[in-house]
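Asks: Just dropping this structure here.
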Amino acid sequence: MMYYIVYIFSMAGFEGNATLVSSSIQYVINVVMTIPALLFIDKWGRRPLFISGGLIMTLWLIIMSILLGVFSEPVDAVDGNDQIRILIPKDQASASKAVIACSYLFVATFAPTWGPGMWIYCSEIFPLNQRAVANGLCAGANWIFNFALALFVPPAFTNITWKTYVMFAVFCFAMTVHVFFLFPETKGKTLEEIGQIWEEGIPAWKTGGFEPRRPSVNDIKATGGTQIPHHDDKAATEKDHSESA
């Protein structure tokens, strides 16, 4: 959305400085709306942010594609840019404003959810001995896909126009489903507890209320305190009581 926001405003019928000023507002929104995530992400949790953010962003993309599909008209170019092939006429000012509102709302949804949240999540989910390499791969993959996006979007605007946002909406919904089934909750969990989630194969949607199994005192003594095996709390407690008796 933010890469080619000027294109969107041009499709909405904005011209000249109005396009530049309007596009600048989204960056202010992005900065301001990141603050709630910094303050409350440990209270809200990672999965709720990703799932709610993904669904709401999907909604804005669908509404935007509908507005552009219904109210725009085909053109050969806009302000000399032949990659823009649709334009909302000036007599459809309400539709133009709605497109701009959707673009702002998309950014306002992204900023406190997927924007900072994914970087935080990547730093939490990997084991300590793999974290540096894994985070490097995550950052590299992010910029590879950003590069691909920068190459892909202009031809997409030229060839499929408003349907570009239908495609983005599908991807956005798909990533939300992906999070629901495969992303465990990491809020308030230690590296060992996250590792326990992976080891035990706990479904991602059940990890929000996950309680790690604690070892008994005798288990810790038996290993000299060097290893802490995973045991069921109730069974471990009964074992301690029987041995004490």
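Note that Cβ sites are derived from N, Cα and C of the backbone, with glycine treated the same way.
So TrEMBL lists these for the protein:
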- 1-187: domain 'Major facilitator superfamily (MFS) profile' (DOMAIN)
- 20-41: transmembrane segment (TRANSMEM)
- 48-71: transmembrane segment (TRANSMEM)
- 98-121: transmembrane segment (TRANSMEM)
- 133-153: transmembrane segment (TRANSMEM)
- 165-183: transmembrane segment (TRANSMEM)
- 208-245: region 'Disordered' (REGION)
- 229-245: compositional bias 'Basic and acidic residues' (COMPBIAS)
Asks: Counting CB pairs under 8 Å, which listed stretch among 20-41, 48-71, 98-121, 133-153 touches the transmembrane segment (165-183) the most?
Replies: 48-71
Asks: What parts of the chain pack near the transmembrane segment (20-41), using Cβ distances under 8 Å and only residues at least 6 beyond its ends?
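Replies: Contacts with the transmembrane segment (20-41): 2, 5-6, 9, 14, 49, 100, 103-104, 107-108, 110-113, 115-117, 120, 187.
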Asks: Just to confirm my parser: what is the rounded mean pLDDT across the domain 'Major facilitator superfamily (MFS) profile' (1-187)?
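Replies: Summing pLDDT over the domain 'Major facilitator superfamily (MFS) profile' (1-187) and dividing by its length gives 92.
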